[in-house]
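Asks: One structure coming up, written as structure tokens, with questions to follow.
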Amino acid sequence: MSFKNLVPVITIDGPSGVGKSSVCKVISKKLQWNVLESGWIYRVLAFIIFKNNVCFSSRNLNILFKNINLHDFIQRINFKNYVISQSLFTNISQEYIGNLASRLACIPYIRHFLLFQQRSFRKFPGLIANGRDMGTVVFPDAIIKFFLISDFKTRVARRCLEYEKKGINSCNYKKIFYDMKTRDQRDHNRKISPLIPAKNAILIDSTYMSLKQVSNVLLSYILKMQKFKL
């Protein structure tokens with residue numbers, strides 16, 4: 001076993017709007033662990049592609065990768081304390097960037113390219129990894145794997161509320177409904193790393209639960225492991 005693999009990982013997977021990011025932040029604060037928001041990595045890459053008006057082709061994307069140091073850029077984002085410029089955060093939070101990120105996630109060599117970037121966040125004392133394939137592909141040896149689900153309309157409403165609170169000017173219910181539906185279909189049906197629970201994942205339905213309730217449920221499972229004492 002390598003030194004890196006001695007670092008414990010807890011994964012939280014699920015579709016958008018189920019509360020992964022918020023729960024991830026609560027759990028990481030309780031455990032004082034590092035955080036990986038894998039969706040942000042795809043969104044940052046999607047924003048760079050959008051900003052540079054790069055067409056979707058292997059040649060164009062490869063040229064872009066050679067001209068940017070994505071690894072260094074990603075490492076400068078402190079997920080644990082959510083340190084990221086407000087302008088960049090607002091840009092990558094837009095739903096159209098999320099959809100572009102979802103399209104990128106369907107490209108095999110993009111996923112392979114970003115696999116190392118994601119695994120590089122595995123550092124002591126531990127890592128809370130949030131995404132769509134954290135427990136199935138990126139960290140299959142995670143000590144605990146959670147998969148959050150929620151009613152679709154509840155997820156859309158949560159996303160609208162999130163945008164309103166953050167002052168993001170793309171809070172159109174019908175558009176968000178359509179975009180999330182499209183993204184769900186793409187995430188579930190892609191051939192590479194589809195959005196599915198790991199075989200040993202713990203499924204949590206957050207439809208009628210508050211952030212505090214969901215966080216407490218996850219923490220109760222975590223605390224059952226003797227090594228964790230808060």
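Glycine is no exception: its Cβ is also placed from the backbone N, Cα and C atoms.
Not measured: the values here are computed from a predicted model.
In case it helps, Swiss-Prot gives these features for our protein:
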type	residues	note
BINDING	GLY14, PRO15, SER16, GLY17, VAL18, GLY19, LYS20, SER21, SER22	ATP binding site
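Buried or exposed, and what's around them? Tell me for each listed feature.
Replies: Mapped onto three states, the DSSP output places GLY14 (ATP binding site) in coil. The 10 Å shell around the Cβ of GLY14 (ATP binding site) contains 25 further Cβ atoms across the protein chains shown.
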Asks: What is the Cβ neighbour count of LYS20 (ATP binding site) at a 10 Å cut-off, with all protein chains included?
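Replies: I get 25 for this one.
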Asks: If you count other CB atoms within 10 A of each CB, which of SER16, SER22 wins among these binding-site residues?
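Replies: Counting Cβ neighbours within 10 Å, the top one is SER16.
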Asks: For the recorded ATP site, enumerate neighbouring residues of the same chain (Cβ within 8 Å of the Cβ centroid of GLY14, PRO15, SER16, GLY17, VAL18, GLY19, LYS20, SER21, SER22, site residues themselves excluded), in sequence order.
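Replies: Here the non-site neighbours turn out to be VAL23, LEU148, SER150, ARG155, ARG158, SER206.
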